[in-house]
Amino acid sequence: MESRVLSRASTFASLSQLRKPPRENNNNNSVSFLSARPIGAVGEGGNLIWGRQLRPALLFESSSAGKQRETVKPCLAAASSSPGSDSAGEAKPVGFIQKYPALVTGFFFFMWYFLNVIFNILNKKIYNYFPYPYFVSVVHLFVGVVYCLVSWAVGLPKRAPMDSNLLKLLFPVAVCHALGHVTSNVSFAAVAVSFTHTIKALEPFFNAAASQFILGQSIPFTLWLSLAPVVLGVSMASLTELSFNWVGFISAMISNISFTYRSIYSKKAMTDMDSTNLYAYISIIALFVCIPPAIILEGPKLMKHGFGDAITKVGLTKFITDLFWVGMFYHLYNQLATNTLERVAPLTHAVGNVLKRVFVIGFTIIVFGNRISTQTGIGTVIAIAGVAIYSYIKAKMEEEKRQAKAA
């Protein structure tokens with residue numbers, strides 16, 4: 001009888017130990033279980049993992065449901081209060097971006113326009129004392145690549161993996177990007193910035209032609225009709241442009257064709273990679289594509305008198321800082337353009353792109369005091385208006401297609 005009483009007493013004592021809530025440790029002020037072990041294959045995870053693993057089976061076989069909840073509460077409280085945990089189950093406070101999305105999108109547009117205008121102005125000022133567009137194009141990409149490498153090093157953003165198949169897909173995109181970038185800069189150096197942007201307004205025409213005759217896509221008649229003012233306006237502006245020369249005109253046209261083929265190859269190289277990583281990889285490949293022609297075409301001139309003349313005119317410090325900042329502005333405005341596209345509908349982005357060109361043309365005319373004839377001014381306005389109509393029609397058609405697929 002005495003042995004039975006002792007055995008029952010020991011049984012009750014062991015059960016009471018199992019039912020004891022977790023006790024606080026005065027040494028480290030943390031919550032611990034006397035005999036708890038991670039369930040399954042979970043090793044030494046964070047507090048929140050412990051809390052989640054203990055919730056399905058608490059190992060308290062004789063406890064009631066209410067006491068199980070009471071027992072697990074300290075564990076969850078410790079998990080939510082510990083540093084690095086994400087307090088699962090609790091409503092997270094709404095951030096500024098989620099609370100004011102329209103304001104944030106507006107800020108993206110403003111910074112896109114601002115950086116683009118500053119880039120075009122500073123870029124042209126550099127060409128006024130250092131007319132070497134191939135070398136400057138390399139500097140644009142080099143500064144951007146360094147920026148990307150530093151961002152990857154600090155994990156903002158985390159670098160996306162690259163394999164040989166993705167490299168094969170991105171290589172033609174990067175080659176077209178490099179060619180379009182270099183020829184744009186050759187045009188910027190040769191003629192007025194406003195005239196280059198007027199010629200580049202023809203890019204939608206080349207996109208439509210490539211879609212129709214290369215990709216075999218049917219382009220509606222209304223879309224072709226909207227391009228007529230663009231062609232007319234650019235022709236009017238070119239005939240009376242005071243800074244006109246064939247190098248600037250042909251380079252801008254080659255740039256249009258290059259960016260058109262970039263769009264074609266981009267559609268073939270569709271990937272789930274985010275736009276920031278994608279643009280970083282394209283910039284890296286484009287940099288290696290741009291270096292050889294810069295060395296071949298401008299290397300001897302730069303070593304002979306190019307660098308020396310620039311340093312004599314503006315000084316070494318200003319020369320280096322100008323090249324650094326023009327590269328930063330170039331990379332950031334392109335990155336913001338892609339980030340803005342992710343935040344808005346294609347129609348909004350198309351209209352924003354047209355307004356951006358208007359801002360650039362207007363500000364560069366004011367800053368550099370470019371004289372333009374009346375016919376050039378009218379032609380520029382007609383071309384921009386045609387681009388706006390084309391962009392609106394095309395974006396609306398794409399949105400209708402997307403809605404039809406969703407339905």
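A Cβ is built for glycine as well, from the same backbone N, Cα and C atoms used for every other residue.
As written in TrEMBL, here are the features:
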| type | residues | note |
| --- | --- | --- |
| TRANSMEM | 102-122 | transmembrane segment |
| DOMAIN | 104-391 | domain 'Sugar phosphate transporter' |
| TRANSMEM | 134-154 | transmembrane segment |
| TRANSMEM | 166-182 | transmembrane segment |
| TRANSMEM | 246-265 | transmembrane segment |
| TRANSMEM | 277-296 | transmembrane segment |
| TRANSMEM | 316-333 | transmembrane segment |
| TRANSMEM | 354-370 | transmembrane segment |
| TRANSMEM | 376-393 | transmembrane segment |
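Between the transmembrane segment (316-333) and the transmembrane segment (134-154), three or more CB pairs separated by 6 or more residues in sequence fall under 8 Å, so the two stretches touch. Counting Cβ pairs under 8 Å that are 6 or more residues apart, the transmembrane segment (354-370) and the transmembrane segment (134-154) reach fewer than 3 and are not in contact. Just going by CB pairs under 8 A, the stretch in 102-122, 166-182, 246-265, 277-296 that sits most against the transmembrane segment (134-154) is 277-296. Tertiary neighbourhood of the transmembrane segment (102-122): same-chain residues 96, 188, 193, 197, 322, 325-326, 329-330, 332-333, 336-337, 339-340, 343-344, 352, 355-356, 359-360, 363-364, 367-368, selected by CB-CB distance under 8 Å and a gap of 6+ residues from either end.
Averaged across the domain 'Sugar phosphate transporter' (104-391), pLDDT for the predicted model comes to 89.
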